[in-house]
Amino acid sequence: MIPEKRIIRRIQSGGCAIHCQDCSISQLCIPFTLNEHELDQLDNIIERKKPIQKGQTLFKAGDELKSLYAIRSGTIKSYTITEQGDEQITGFHLAGDLVGFDAIGSGHHPSFAQALETSMVCEIPFETLDDLSGKMPNLRQQMMRLMSGEIKGDQDMILLLSKKNAEERLAAFIYNLSCRFAQRGFSPREFRLTMTRGDIGNYLGLTVETISRLLGRFQKSGMLAVKGKYITIENNDALAQLAGHTRNVA
């Protein structure tokens, strides 16, 4: 039986709200490891925002840190602007990811966050979340795990750019996307790229022409099937090996 206070809260927040207890990607997000009472406390501080349209920003570089954002659906890219005025993409965030961690140190966002497609996010006021985490060890531990994952991702990206050639970079990018889709319950073999080839090239330090040429080469070799933005992994072993992994795609 659903407690009365939870029913009231759901009615007040509108029919489009999905609460932590019901969210299909909660195991990737803050609610993971929290008990029902802790989930209720977390649920009370979260604001379910209306859809973020393609091209809209969650925050801009220099903005004060007020909230973290948990992605419920869609894709968000983070980027900075170089001294020369060029965009430099620093990450692609999928459902279950939290955006805004890099602002905790200074209290201001060092980067921009922009929707690549219509996306749904949960806004989590940081000061309230920080206060709650001081009272709830499980929440604090989960926050540490999520931040650790962010650091590991940054380290992997540094290794990717410093050690791998163009083929290996793109293979690693596609392999990583495949694994992330699998974690979210989607097909790891067939998926749509929500980012442009220009975005992928920017992120990997490659030109658009190089990305297109490599995708054609991967398709010709039988490793991938490429149709517009749709990717089908035809040879898991070859992709994993080129990406520097020995484990097959799940």
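Cβ coordinates are placed from backbone N, Cα and C, and glycine is handled just like the others.
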Segment assigned the feature region 'Activating region 1B' in Swiss-Prot (from 14-19, 116-121, 230-235): 116-121
Range among 71-75, 106-110 that Swiss-Prot annotates as region 'Activating region 1A': 71-75
Contact ranking winner - 47-50, 116-121, 140-159 against the region 'Activating region 1A' (71-75), Cβ under 8 Å: 116-121
Mean predicted confidence [pLDDT] for the domain 'HTH crp-type' (164-237): 96
Neighbourhood of C122 ([4Fe-4S] cluster binding site) by C-beta distance under 8 A, where only residues 6 or more apart in the same chain count: I46, E47, R48, K49, Y69, A70, R72
